[in-house]
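Here TrEMBL flags His237 as active site, proton acceptor. The NADP(+) binding site annotation in TrEMBL covers Gly12, Ala13, Thr14, Gly15, Asp16, Leu17, Ala18, Lys19, Lys145. Taken from TrEMBL, the feature substrate binding site applies to His175, Lys179, Glu213, Asp232, Lys323. Positions annotated as domain 'Glucose-6-phosphate dehydrogenase NAD-binding' by TrEMBL: 9-184. Annotation comment: TrEMBL describes 186-464 as domain 'Glucose-6-phosphate dehydrogenase C-terminal'.
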Amino acid sequence: MADRTATVVLFGATGDLAKRKLLPGLLHLFHSRLLGDIRLVATSLEEMTREEFIDLASRSIDEFSVHNRDDKVWQAFAKRVYYVPGSAGPQGLAKTVAEAEAEVTGTLPPQRLHYLSVPPKAALAVTRTLAEAGLAEGSRIVMEKPFGTDLASAVALNAAVHEFFDEDQVFRIDHFLGKEAALNILAFRFANGLFEPIWHRNNIEHIQIDVPETLGLEQRASFYEGTGAYRDMVVTHLFQVLAFTAMEPPTALLPQAITEEKNKVFRSMQPINPNDVVRGQYQGYRDEKGVAPESETETFIALKAYIDNWRWAGVPFYLRTGKKLSEGQRIISVAFKEPPKSMFPPGSGVGQNGPDHLTFDLADKAKLSLSFYGKRPGPGFRLDKLSMQFAYQDTSWAGSVLEAYERLIYDAIRGDHTLFTSAEGIERLWEISEPLLDNPPPVRPYALGSWGPNQIHQLIAPRAWRLPFERKWRAPARD
Ligand SMILES: NC(=O)C1=CN([C@@H]2O[C@H](COP(=O)(O)OP(=O)(O)OC[C@H]3O[C@@H](n4cnc5c(N)ncnc54)[C@H](OP(=O)(O)O)[C@@H]3O)[C@@H](O)[C@H]2O)C=CC1
Ligand SMILES: O=C1O[C@H](COP(=O)(O)O)[C@@H](O)[C@H](O)[C@H]1O
């Protein structure tokens, strides 16, 4: 496959995601030579020339790429970039793709990958355009989340997509599943004999999946107003991460095996009870450009979820995410049960700093830590919370990390579905969301830079949110 060329047709090429992640990611894939030659056919609603788009791409890469730009590589890539506005219609698109592929050599035709980086409401129109342009057959299509906005729309969207594309051509992307740190959950759980034997309700008291953001709307008000934090982050990323954390050992590192185990988790999830949900809206949100003055869209959500199976019955999973919060973090905390009896006398410190935790930090510079009680040196028996920590930055692999979108585009071009989500899984997640979507609790205001509305403490009591950490992570040796 490495020498098979690819044509990436990027819809929504002038949008936020394309500028921040996809254009820098495609340049990096081209530079890394993981794939054969790449052509990019960019398209959006904006009327602009090819030169103007290349200029936009160049500026985006300068601003957002995490890799150093090599000018020679950029010049070579820019020659492979084409632009066609949506107004050119299916024929115009087909013509530009033909032009882009005209000089491609090789025994096999280029693998076409259509990336739909467009708002959910535009996805269907784009699939129709592709079919009318004769670009559906033999191609692969990447669909961005959220896949629909509720069960009915997800079912309709899947059915409509299947009119033009077979399921094996469809790659529903969830970039959290492409993050190295998320993949490391699988490695940690299933490549070691250490933790899996205790990874269940007998030993685990609760789990937190906490993804606060300091970011605001970032010029995405029109998208966000109709979406909100639950659809933008929970029904997508946080539930997918939950599935990696909770699933049974898959029989193989293969798409069907992984998808089946994730779907079993989703099937076992109890419907989300609106009484177990706190919705919030940051103060000033309604004054943002593009936001309705009486908007009820939540910019924050915290909830309690249950997986009703043998492994997890009765273990609460607390999920939290929101905009304009105090810190940007992506943390999974696994809280272990405390020992049933303690020989240590009151005042010795045992249990005073919460339970033992295994913590996955899903940041780009991923970390992992295990906290436990240990003895403080000196006379008597004073206990304190200690931890063992691992950071990718401490290893010689730090430079090998592929950004999540790079990894997933690479997989999609090669036809590997392992890290993509299935129609069945998505529909089940909308199904368990119905009670909440039908009957959402009121949105409560929260201060900018806070951790959300006060009600979050009642939601988790008698436990406590782990973020903010009182104790700092050890700084990685290398940065
Ligand atoms: N931004 C992010 O951080 C992330 C976004 N996503 C997902 O990516 C998708 C795009 O998001 P984002 O880039 O933020 O959105 P933007 O609103 O910034 O960009 C959307 C792009 O789609 C184009 N577009 C809009 N309507 C149509 C249409 N009917 N036909 C063709 N093109 C159209 C827009 O063109 P024009 O500008 O000319 O109107 C624009 O280029 C969404 O599904 C979102 O959920 C997923 C993960 C992260
Ligand atoms: O999908 C989305 O994810 C980003 C957060 O992703 P990250 O990789 O930067 O953590 C979020 O800001 C955005 O609202 C959402 O659409």
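Note that Cβ sites are derived from N, Cα and C of the backbone, with glycine treated the same way.
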Nearest of the binding-site residues (Gly12, Thr14, Asp16, Ala18, Lys145) to Asp232 (substrate binding site), judged by Cα-Cα distance: Lys145
Listed binding-site residues (His175, Lys179), ranked by Cβ neighbours within 10 Å, top entry: Lys179
Distance, the residue listed as 'active site, proton acceptor' to His175 (substrate binding site) (CA atoms, angstrom): 8
Binding-site residues near ligand 2 among Gly12, Asp232, Lys323 (Cβ under 6 Å): Asp232
Shortest C-alpha distance to Lys179 (substrate binding site) - which of the recorded positions Gly12, Lys145, His237: His237
Close-lying recorded positions around ligand 1 among Gly12, Thr14, Asp16, Lys179, His237, where CB distance stays under 6 Å: Gly12, Thr14, Asp16
Other C-beta atoms that fall within 10 angstroms of the C-beta of Asp16 (NADP(+) binding site): 15
Chain-internal residues near Lys323 (substrate binding site), provided their CB is under 8 angstroms and they sit 6+ positions away: Glu213, Leu215, Gly216, Leu217, Ala229, Tyr282, Thr299, Phe300
